[in-house]
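What follows is a set of notes on a single structure, which appears directly below.
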Amino acid sequence: MYDISIIGGGPVGMFAAFYAGLRNADAHLIESLPRLGGQVSALYPEKDVYDVAGFPHIKAKQLVAELTDQLKEFAPAISLETTVQTITKEADGTFSIGTNRGTYRSKAVVIAIGNGAFAPRKLAFDYDHQLDERRVHYFINDLEDYRDTDVAVAGGGDSAIDWALALEPIAKSVTIIHRRDQFRGLESSVEKMKASSIQIMTPYLLSALTETNDRLTIDLKKARTKEDASITADHLIVNYGFTADARILRDWPIDIKGATIPVNTNMATSTDLIYAIGDVVDYPGKMQLIASGFGEAPVAITQALQEIYPERKQPLHSTSLIH
Ligand SMILES: Cc1cc2nc3c(=O)[nH]c(=O)nc-3n(C[C@H](O)[C@H](O)[C@H](O)COP(=O)(O)OP(=O)(O)OC[C@H]3O[C@@H](n4cnc5c(N)ncnc54)[C@H](O)[C@@H]3O)c2cc1C
């Protein structure tokens with residue numbers, strides 16, 4: 001039984017999990033994606049963020065790296081690729097948290113799901129899904145997995161370009177395939193890509209994938225023409241962005257307002273011991289900013305601990321904690 005389960009491993013959930021550890025709570029952080037960082041990792045890892053206190057500016061992925069280091073300090077339990085489906089209040093007042101990987105028990109819950117569960121946009125045509133994670137990838141975990149291989153990257157946004165550029169010095173070859181002639185990435189990144197050895201195939205749409213002789217054959221159709229093309233590669237990295245789905249909120253035992261959760265000044269929802277923080281909450285003056293969420297996390301954790309352990313002394317300053 002955990003003291004506090006935090007649903008959503010975006011920046012706000014990560015900081016909440018760290019803060020819960022700082023306050024000696026047994027915390028569990030649950031994230032549906034295979035990696036932490038929420039929108040910051042998934043949507044703009046290469047962008048500079050200018051409004052996080054203490055950093056004049058910081059690259060988004062660096063901010064997630066710093067949050068990860070901070071989080072490790074108290075080693076909370078972290079469940080990745082785990083999507084919370086149900087939250088049930090049991091007769092003893094604790095919660096059962098139902099996920100795609102089993103049920104967890106917790107004394108309190110902090111919801112930090114942002115705009116909802118993220119999922120990568122998949123290829124639109126049918127293909128053999130046994131190729132997933134072996135030859136077709138929707139996430140890159142380690143660039144080294146692609147060393148000396150031929151890699152194709154599908155997509156035309158910042159993230160696709162950034163991955164192509166990051167892979168170029170490591171892979172044997174990198175080909176980027178985009179359905180339009182114009183890329184949507186930062187101009188400087190597009191220029192860097194054009195000046196690099198990355199092969200650019202535009203305007204092409206992917207139409208089929210087959211594996212032959214340990215290689216992937218990627219069939220392409222040139223946009224607005226009947227022209228077909230085909231390339232072979234060891235890996236295909238698909239970077240078509242993410243979808244967010246907050247519909248699950250409707251099944252949880254709390255009042256909601258559209259895709260948001262109304263909270264009071266204690267970050268409490270309509271149900272005792274369920275709190276909400278970050279982009280998902282609604283209160284007068286709410287700003288969907290990382291800094292706002294960082295302020296909400298200590299409030300929710302402190303309130304949860306006060307309710308679970310009313311007898312515990314609640315220190316206010318981290319400088320007064322010995323660890
Ligand atoms: C392009 C862009 C630029 C931005 N620039 C800035 C900026 O410069 N400064 C700034 O302060 N803010 C910026 N923001 C906003 C900022 O990213 C958000 O305010 C912040 O990410 C909110 O954090 P969060 O942890 O509340 O939610 P998210 O980052 O959305 O994280 C929520 C996490 O919860 C997970 N999740 C959802 N549902 C479930 C479930 N059922 N089970 C398990 N896990 C679940 C999701 O997969 C996700 O990882 C920007 C946003 C965008 C899109």
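Glycine residues also receive a Cβ, built from the backbone N, Cα and C atoms like all the rest.
The following features are taken from TrEMBL:
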DOMAIN    2-303  domain 'FAD/NAD(P)-binding'
BINDING   E31, Q39, Y44, V84, F118, D279, T319  FAD binding site
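Overlay of TrEMBL annotations on the structure.
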| residue | record | contacts (Cβ under 8 Å, 6+ apart) |
| --- | --- | --- |
| E31 | FAD binding site | G8, G9, G13, I78, S79, L80, E81, T82 |
| Q39 | FAD binding site | G10, G114, N115, F118, D279 |
| Y44 | FAD binding site | A60, D158 |
| V84 | FAD binding site | I7, I30, S32, I97, G98, T99, I248 |
| T319 | FAD binding site | none |
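In the three-state DSSP reading, E31 (FAD binding site) counts as coil.
Q39, Y44, F118 are the binding-site residues among Q39, Y44, F118, T319 whose C-beta comes within less than 6 Å of an atom of ligand 1, given in sequence order. Put plainly, the binding-site residues F118, D279 were compared by Cβ crowding within 10 Å, and the winner is D279. A mean pLDDT of 94 is what the model gives for the domain 'FAD/NAD(P)-binding' (2-303).
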